[in-house]
Amino acid sequence: MATSVVASKIYRLPKKMAFNHLPELPSGQRSFELKNVVGNIKSSNTTQAVTADAPTSEKISQSISNNPLANYVPLFVMLPLGVITRENEFPNQEKMEQRLMELRKAGVDGVMVDVWWGILEAEGPKQYNWNSYKRLFQLVQKCGLRIQAIMSFHQCGGNIGDAVYIPLPKWVLAIGEEDKDIFYTNRYGNRNPEYLSLGVDNLPTFQGRTTIEMYRDFMQSFRLEMADLLESGTIMDIEVGLGPAGEMRYPSYPQDQGWKFPGIGEFQCYDKYMKREFKAASAKAGHPEWDLPDNAGTYNDTPEKTGFFGANGTYLSEKGKFFLTWYSNKMIEHGDQILDEANKVFQGCKVRLSIKVSGIHWWYKDDSHACELTSGYYNVKGRDGYRPVSRMISRHYGTLNFTCLEMINSEQPTDAKSAPEQLVQQVLSGGWDENVDVAGENALSRYDRKGYNQILLNVRPNGINENGPPKYKMVGVTYLRLSDELFESKKFKIFKQFVKKMHADMDYTREMTDVPILRRSKSKIPMEKLLEATEPIKPISWNSETDMSVGCPFADFLDNILDKLFPILK
């Protein structure tokens, strides 16, 4: 999907613009103005939640003028996957405190932390142990940082970048030994224990509880145990894990089953529960003879090698469209159910609810969009597979967190038919069109100026606005991830420049990560109304380059030359 590019108009804001430099306003109004910028749409002298019909934070931001802080975008840093070990221990606390203080001095707004189900409910149903996480969170609070907490209901291990192994709770895996169909299954019968199949979302399979109930109970325990940190505003974002790697998708490309980039992946709906649901759906549609695809290839095929994704393939037929709609709708319903439970649990807290959508950019330029389809995103020519997700999120006042912000088309292999730039533009445009707050992440670790500049371009695609909020702006970015390599002198120097540019050259301002009181979800949106959002829209125009650059890529080259010539300067 092509998008137009317009020339970048460059603005420069004062180098030391901070909250205290805002113009004087009548008593109480300055606080109100700032909170509007960050989406806190309640008055500064009341704690009552606003009504469901209140304007969105985006519309309110657009109404604010002469406020340069409206260009500020918070930056968070992901902590290591195993910061709390599989044994539920918090080692190396002194080193972590040192690292957190370095982030704070660099102007970083907060950190993201995986809160692993497999660690915390490991011993048995409702037997939670939060001690190590409380120590970690209290340390983060001590260092003056805020927390994005991921409700990680998935296995750690088997995906790109997974450096540790943390399985699902052992008592859940024991149930899986007796009933292997609780796990995602491909056409060849291979089971994937990294996340429970959607087919058991509402079945009391787990000692009388359903999957949805287990996730609800976990979140309720989290709220109870972390009440003081929620009340203080230290925890300000709850990202709800909805699939493998915490992303709302099917595990269609598992590395531990042999998948390699840029394979098309495989559909993951062949457990007995999903099979049964599909047969019921096809019978209800008047086609009891229809079955799940048997011609969609294997993990590492290319689209043209399959009958399903090839030219004039099954995906274009009535049968194929019915299957893909069912497969995608099941995933959206899954996300809607769990977000509804999360909203009930955290309603009344000053937190943002968010979900992560995966940036599957390979085969985007192929007519079939094969790997997006196997992952559950029914996104093809003439049909937007992402805007219905944004519409679903909107009823929960949620945030769409999208990956692969750093990726550039020219850096991808041509045989993968990859287009991450157009994918990012499509997904973000759809989110903004649905009045949903949009956040993002880089998919792979980057330490170079080119990668940072691409993120900055996506954060404010039309640049900053010296007279108030940009028309389009992300509400935050989470950088992947904290590591020893990040803190190497040269790399950390560039990273600090990146933080400053995320903040539009302004000083760190804690109030910019304030969020409103979470309201109760609106009424359920019928699927037919969600699917109206499959109608494609024209993406917004992106500038050709960011107006908040950390420097040209040639500077990286010079740095490398200097390192070789003058190793003593390292």
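Note that Cβ sites are derived from N, Cα and C of the backbone, with glycine treated the same way.
Keep in mind that TrEMBL annotations are predicted by a computer and have not been checked by a curator.
Cβ neighbours within 10 Å of GLU247 (active site, proton donor), excluding its own Cβ and spanning all shown chains: 24. Look at TrEMBL and you will find GLU247 tagged as active site, proton donor.
Per TrEMBL, the feature active site, proton acceptor maps to GLU441.
Its Cβ placed at the centre, ASP114 (substrate binding site) has 23 other Cβ atoms within 10 Å. Positions annotated as substrate binding site by TrEMBL: ASP114, HIS154, ASP162, LYS356, HIS361, THR403, ASN442, ALA443, ARG481.
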Between GLU247 (active site, proton donor) and ARG481 (substrate binding site), find the distance joining the two CA atoms and give it rounded to the nearest Å.
17
Measuring CB to CB from ASN442 (substrate binding site), give everything in the same chain under 8 Å that is also at least six residues away in sequence.
THR403, CYS404, LEU405, GLU406, GLY451, ILE455, TYR479, LEU480
At the level of the C-alpha atoms, what whole-angstrom distance separates ASP114 (substrate binding site) and GLU441 (active site, proton acceptor)?
14
Any idea what the Cα distance is from GLU441 (active site, proton acceptor) over to ARG481 (substrate binding site), rounded to a whole Å?
10
Tertiary neighbours of HIS361 (substrate binding site) (same chain, Cβ under 8 Å, six or more apart):
CYS404, MET407, GLN412, SER418, ALA419, PRO420, LEU423
